[in-house]
Amino acid sequence: MVLCTAQEARDLDRYTIEVLGMPGAALMENAGQNATRMLLKRFSEAKRAVVLSGTGNNGGDGFVVARSLFSAGWKVSVWVSGQVEKMSLETRAFYQVCRNMGLAVSFFDGDRKEELLTDLQKADVVVDALLGTGVRGALREPVRCMVQMVNEAEPGFVLALDAPTGVDTDTGAILGEAIQADLTVSFATWKWCHYLLPASEFCGEVRVVDIGMPEEAIHHQPPQTWVNDPSLWHDHLTPRSPWSHKGTYGHLLVLGGSKGMLGAAYLSGMAALKSGVGMVTIGVPHGQEASMATKVTEALVWGWPDEGSGLFIGDFPSDWEERFSRFHVVTAGPGLGRFSGEKAWLERLLHCTDGPLVLDADALNILSSDLSMLQFRKKPTILTPHPGEMARLIGGTVKDVEASRHRVAKELAEKTGATIVLKGSFTVIAFPDGRQVLNGTASPALAKAGSGDVLTGVLGAFLAQGIPVESAAPMAVYLHGMAGRLAVRSSDYSVLASEVIDNLGNAIHQTL
Ligand SMILES: NC(=O)C1=CN([C@@H]2O[C@H](COP(=O)(O)OP(=O)(O)OC[C@H]3O[C@@H](n4cnc5c(N)ncnc54)[C@H](O)[C@@H]3O)[C@@H](O)[C@H]2O)[C@H](O)CC1
Ligand SMILES: [K+]
């Protein structure tokens with residue numbers, strides 16, 4: 001499912017109407033009908049609705065909804081925020097149909113407040129068709145006043161068409177006032193405001209409805225952003241052939257597990273095994289080797305030089321070349337720690353891994369001292385920062401990151417040529433070519449130490465199985481989020497990272 005900026009939505013609209021020849025009124029009729037269908041699913045018997053229509057096409061959708069509810073036996077009144085002359089062609093046509101059918105249509109220019117407020121207070125449902133993707137800047141009168149009155153009247157149920165009026169559909173900012181909706185029915189595609197804060201908190205539940213826009217339009221004008229769902233990568237999640245063997249599914253090296261942080265590397269390694277990789281080697285500082293070996297049975301353990309400190313040091317083992325040749329993928333970071341010579345160590349690692357390389361946790365903190373280390377990487381490099389690590393990578397603050405997650409991720413991906421998996425309320429996967437995938441299946445259960453280590457292992461496992469990063473990254477993020485939700489027994493508070501690992505199999509099975 002694609003996610004559009006206002007401009008991308010307009011381009012899709014225009015292509016569908018002007019190139020494919022679909023009448024705009026047909027799209028509007030479909031939009032209104034499907035929005036009405038969503039509403040009638042929630043209200044079995046006829047109710048009383050007030051539809052607030054703008055003079056743009058969002059308003060036109062509103063007139064279609066008004067007429068459809070009226071035909072379904074509802075009591076409907078429509079209030080318009082501007083004059084008929086200002087209406088778009090299609091909107092005017094559907095306005096006229098409402099008039100011809102005898103619907104009560106009133107024009108609000110700010111002076112009939114009492115009447116409008118009474119109407120709103122008597123309504124079971126208010127339909128917000130004032131502004132959609134055409135909003136520009138802070139709300140102007142009388143739209144602002146109408147939005148304020150809706151929020152004051154606190155109606156039982158508010159349906160917003162495409163987006164709640166008062167949110168900036170691209171940035172998610174609030175333009176003065178915004179309608180607090182219970183349900184937002186979005187047309188044809190997701191919009192950024194359905195994901196970004198604070199707008200997403202005004203949307204209520206969001207459902208995307210088809211409006212009869214041919215797939216051809218989306219293929220011809222592909223927006224850069226997709227919302228993660230199995231359709232993007234399910235052909236890589238196939239039942240296993242009986243003739244396969246462990247070699248078929250790759251060998252992953254997990255580097256980390258310094259003194260006191262053994263668990264992070266362990267979680268990563270076990271998550272990888274639960275995600276189907278053939279073999280895992282966990283590389284830990286020499287002093288940790290024995291204790292790691294007691295923790296794992298299914299993974300191999302490789303001790304790195306550590307001068308007895310239990311921490312990594314800048315040197316590589318003498319046999320590293322021979323050993324590295326065995327691994328298809330390396331993930332470095334879970335419990336890696338900080339150590340002297342860390343920068344040279346990371347530089348060497350970037351040089352000697354000629355397969356995909358996943359950098360997480362402290363490997364990212366080491367990298368943030370000099371991003372140019374990535375410039376000569378030929379193979380895929382995937383960075384999996386949480387907001388704090390991202391702030392260090394971009395030399396900013398967590399506030400900068402959270403203000404526009406998708407933009408900072410996109411910029412860093414284009415700057416470094418790496419794939420960025422920016423974890424958080426919704427995880428953004430930004431590819432170096434500018435495309436992005438947003439993942440909404442996060443669950444508060446994952447807001448816990450160790451869940452990042454699990455994701456690193458899942459991602460490394462899919463890459464080691466030969467799944468290209470364009471699919472492996474969204475697949476890992478989606479299944480990790482799903483395993484987090486499946487792991488919730490009693491409440492989000494009490495899910496352990498190891499329980500997420502235990503639920504990876506269920507998540508894969510359910511998605512299969
Ligand atoms: N493919 C699709 O997504 C389809 C979308 N449809 C609907 O069309 C709207 C977008 O319509 P558009 O005419 O471009 O803009 P709006 O109706 O959202 O708003 C324009 C309208 O609002 C006034 N306005 C703009 N900014 C402000 C402001 N800050 N304060 C007050 N008034 C403002 C402007 O003057 C215009 O009058 C989309 O959201 C969908 O609902 C199609 O119906 C189907 C295909
Ligand atoms: K709206």
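Using N, Cα and C of the backbone, Cβ positions are placed for all residues, glycine too.
Bear in mind that TrEMBL entries carry predicted annotations, made automatically and left uncurated.
The (6S)-NADPHX binding site feature in TrEMBL is assigned to 57-61, 132-138, D162, A264, G335, H386, D453. The number of other CB atoms found within 10 A of the CB of G60 ((6S)-NADPHX binding site), across every protein chain shown, is 31.
A coil conformation is recorded for T165 (K(+) binding site) in the three-state DSSP classification, outside any helix or strand. Taking all protein chains in view, 29 other C-beta atoms sit within 10 angstroms of the C-beta of T165 (K(+) binding site). TrEMBL lists N58, D128, T165 with the feature K(+) binding site.
Under the DSSP three-state reduction, F426 (AMP binding site) is assigned to coil, being neither helix nor strand. Annotation comment: TrEMBL describes K423, G424, S425, F426, T427, G452 as AMP binding site.
For the domain 'YjeF N-terminal' (9-219), the model's pLDDT averages out at 96. Per TrEMBL, the feature domain 'YjeF N-terminal' maps to 9-219.
Taken from TrEMBL, the feature domain 'YjeF C-terminal' applies to 229-511.
Selection of the binding-site residues N57, N58, D128, T133, R136, D162 by a Cβ distance under 6 Å from ligand 1 yields, in sequence order, N57, N58, T133, R136, D162. Within the set of binding-site residues N58, G60, D128, T133, T165, H386, N58, D128, T165 have a CB atom less than 6 Å from some atom of ligand 2. A 10 Å radius around the C-alpha of T133 ((6S)-NADPHX binding site) takes in none of the binding-site residues listed as K423, G424, F426, T427. T427 (AMP binding site) has a Cβ environment of 28 other Cβ atoms inside 10 Å.
Within 10 Å of the C-beta of G424 (AMP binding site) there are 18 other C-beta atoms, taking all protein chains into account.
When the binding-site residues R136, D162, G424, S425, F426, G452 are screened for a Cα within 10 A of the Cα of N58 (K(+) binding site), the ones that qualify are D162. For G452 (AMP binding site), the count of additional Cβ atoms within 10 Å of its Cβ stands at 25 [all protein chains shown].
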